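K.L.:
Quick paste of what TrEMBL says about this protein:
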type    : residues                               : note
DOMAIN  : 19-349                                 : domain 'Kinesin motor'
BINDING : 100, 101, 102, 103, 104, 105, 106, 107 : ATP binding site
């Protein structure tokens, strides 16, 4: 009880500071790492700190808003994000995203197993909570809430409308998607299909079907590797039945493709082309994060479509939470070090959620 209260006040304080919340999550050893007799290079110090043994680069401690070890459940990981769903209903712009090397557990964290109550990830749980809270408001007669969503992926530097793919044959050419900022400096994607949903089942079904249209492909590091960044945005229109005031909230859930090294993934041909595009966009994201940390006047959002899509979530008007997903194995220690350093930089960024 006391711990829950402490957490609540911590979240409120961080919100007031406009801080991006950052959580590290370490997955269990996978088959490849076991076959290579990998040693564990991550040690969990407490709820917020971990130590990385980076071999020649020595031991490094990292501290975040929370650290999840492999034994922690999907429900425990979700706990710290749940207050942000309420913020989205209240009219805020909220973004949750996962970052990490290929095969580090990002899609498991963001999506998990949709069909399993226990193993659902952040996105299905967020949708469930959203509709539970909407029902409460409706039962009280205080607000009327409409929910709609759009779902796009960024594949080889092209925005692809996943909902368009649900309703059209693969040879039909979709309209060109454009990334714009509205008057509130919130990202809007023009010309993409927006679908309404009246309950959790409808929205979850749309998300599940859209997800299956994503580009995936096998690499040595990951049999079902996401070859695109996916951006799932839930639009929440709330009408206060006492005042008649309407507020618009947005909840964006981003599953980034993994940063990767071709020598480890065995990528060639098309896979290599995809990897180059993924790495270029993640590098552009890194440049934006660095510029924000330095408080630069000019932030290079327009250098890549990924940074344009995430413009309101980084240094913008969103309440943002990032998961950095890591492997426990020394085989991946150098990638883990890079990911953790990246996440430490994100922690320094200040957003202004209005």
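Each Cβ is built from the backbone N, Cα and C atoms, and glycine gets one as well.
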K.L.:
I'd like to know the mean pLDDT over the domain 'Kinesin motor' (19-349).
P.N.:
91
K.L.:
Under a criterion of Cβ-Cβ distance under 8 Å and sequence separation of at least 6, what residues of the same chain contact residue 105 (ATP binding site)?
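P.N.:
In sequence order, 25, 27, 325 meet the Cβ cut-off.
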K.L.:
Look at each of the binding-site residues, 100, 103, and point out the one with the fewest other Cβ atoms around it within 10 Å.
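P.N.:
Among the binding-site residues 100, 103, the lowest count of other Cβ atoms within 10 Å belongs to 103.
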K.L.:
Which of the three DSSP states, helix, strand or coil, fits residue 102 (ATP binding site)?
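P.N.:
The three-state answer is coil.
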